[in-house]
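These notes concern the structure reproduced below.
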């Protein structure tokens, strides 16, 4: 029967299991011999156990498990030997003896174990033995076996390396220099073994070998950790000996994986103070690394670490004599120059880190931030980059770069000091420019940054011009209406931040803003011009407040209303009618309230313009009713007109109301007009209400007549009730023309018509309205002590 082939994983498990079983058997025998003080037999079993490490069949992961199991057993031997030597057994003999072990792997592991015990028992032999051991390990040149052997050497000697502050005879016991040499040599040899791993085996297994190398990297990196733990390694020794030795090995090995890992290792394991003193050599080495090394990540890791160090509240900060930004700026430029094939997004990533460094370490140096932006512009020019696509990696990095100053300063005026911010902004394509413009304006709004001069307005408008005017590179199809409205609303809100303490300066600001917004096209100006008009009206009120200190305030107000008129006219040209109508009405109100020279003429002109728009541009019946109601309501509030101007305007309102297309609309509008003849005011009566009772009655009678002409019974009754409420209003305002008899007749008419209506939800609402009206009259009739006329003779 054929045997099924095992998977590589199953095979590994089987091989490892067999090796572990052999280790257990040999370690049991070793311990048994040690318990009986049979040292030579114990060493023989230890050698057999260590023989398992000679295998080439195990993967690094499996080999590591085997190595750990054997290391634990060797610890038992080490403890035993330490006790024996303490009792007086000769170590030197044993050290000589284990060198005769048959195979090199068991021999060297035993030598290290005995050697460490020897040093602990006789410290004066330390220098020679350490040198001896690190040299002897060269005997194993198989990458995997050699790496683990040297790792064992490093682990065992951890606590016996000479360091600062030890009272010793340096001639024989060694000093900190010997420790540095020992670890550096071990590191160099381990790195060579690690690099050599890639050349073993078949080329088709390259990816697998790379994965295995990744798994083993920590063994090499441990050497650097050990160096960083030596107290005797101060800044000077680090600069002169340690870093020089490490970088020499890193650069010379010409292996991308090793170089990238070890450079990152250096950054992580050594203190910030050391990095600050060795920036130039470290960054120079970065420029010499293999082309496949992602240098960007290495430099960014160092920059980010030092930026954090500088930002730490409890830290000493960056020493004044170290020009951190300048060093990084120059060295990063060198690295970019040395790597012509570096991806554009990586180049920008480096600039992102530089700008972060400038912001955190030198928050007051706007020039440093601008220097980074300038460098980026120069790089883009060299690369001939134009209109970077939104979806590209470069665009994402450039967005990060430009958002940093916006988010850090939270003040657009500081951002505008960066001369190269706008030129860099222009490298984006349409979508990215639009999105960044929204981001900038949102920041201005979030932090309520006031824009106080014409130049600032110009600069910001030019920066976010994608939101304000059509662009040559914008898509042909129309934008999504909701998104467009959101973007333009941002711009509209931004207008309210154009505020100068000086009213004259404010006028210039509004003029500048209008130049930009005026070129925005019909779709945009409906969002952007109305806030500008309101800002103009507010400015006119400010001039009124300053009238005592500014003798030209009236002329300035006329100028402002002329500005508003022109701005509203632009909206009319864009074929918008309701919006400019409302703005004209608002302007008429403002002119009337402010009361400057010629204000009546201005207010009349604005009212006339509103009427013209109503008559010429608004055709929808619903919109017409809303518009005439607005005109009547606005006019009723105004008291700046003489009778000469007031009379034609109120007559015009009544005429327009009676010409509405639908009868119900006519009825409602005409009854609303009644208020103009009662509470309307003009200058001939010193601002007192007209109280033209007769004209009020004419309007209400006309409204009733129109209601009678309605074909829909329920609509007719509804109008009667609404007109009844108007009659009641004027009766309570003591209009003599409205009598109890008139009220009784109308109530009687409604009572007769109501039962004839078909049962429906609408009828229910009409009944409720009528009931509430009668309830009001009942309460007034039963409370004669309340103010207002008495309802005597009212039939309910």
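The backbone N, Cα and C atoms fix where each Cβ goes, glycine too.
Model, not experiment: these values are computed from the prediction.
In the three-state DSSP classification, residue 7 (phosphoserine) falls within coil. Taking all protein chains in view, 9 other C-beta atoms sit within 10 angstroms of the C-beta of residue 7 (phosphoserine). The phosphoserine feature in Swiss-Prot is assigned to 7 (among others).
DSSP classifies residue 783 (phosphoserine) as coil under the three-state reduction. Around the Cβ of residue 783 (phosphoserine), the same chain contributes no residue under 8 angstroms that is 6 or more positions distant in sequence. Swiss-Prot lists 783 (among others) with the feature phosphoserine.
Feature annotation from Swiss-Prot assigns phosphotyrosine to 791. Using a 10 Å radius centred on the Cβ of residue 791 (phosphotyrosine) and all shown protein chains, the other Cβ atoms total 20. DSSP assigns residue 791 (phosphotyrosine) to coil in the three-state reduction, outside any helix or strand.
When averaged over the region 'Interaction with SNX3' (25-44), pLDDT in the model lands at 94. Look at Swiss-Prot and you will find 25-44 (among others) tagged as region 'Interaction with SNX3'.
Under DSSP, residues within the region 'Interaction with SNX3' (205-215) fall into helix, strand and coil as 11 helix, 0 strand, 0 coil. The region 'Interaction with SNX3' annotation in Swiss-Prot covers 205-215 (among others) and rests on experimental evidence.
Annotation comment: Swiss-Prot describes 438-796 as region 'Interaction with SLC11A2'.
The region 'Interaction with IGF2R cytoplasmic domain' annotation in Swiss-Prot covers 500-693 and rests on experimental evidence.
When the alpha carbons of residue 7 (phosphoserine) and residue 791 (phosphotyrosine) are compared, the span between them is 106 angstrom. Each residue in the region 'Interaction with SNX3' (25-44) gets a DSSP state, and the totals come to 17 helix, 0 strand, 3 coil.
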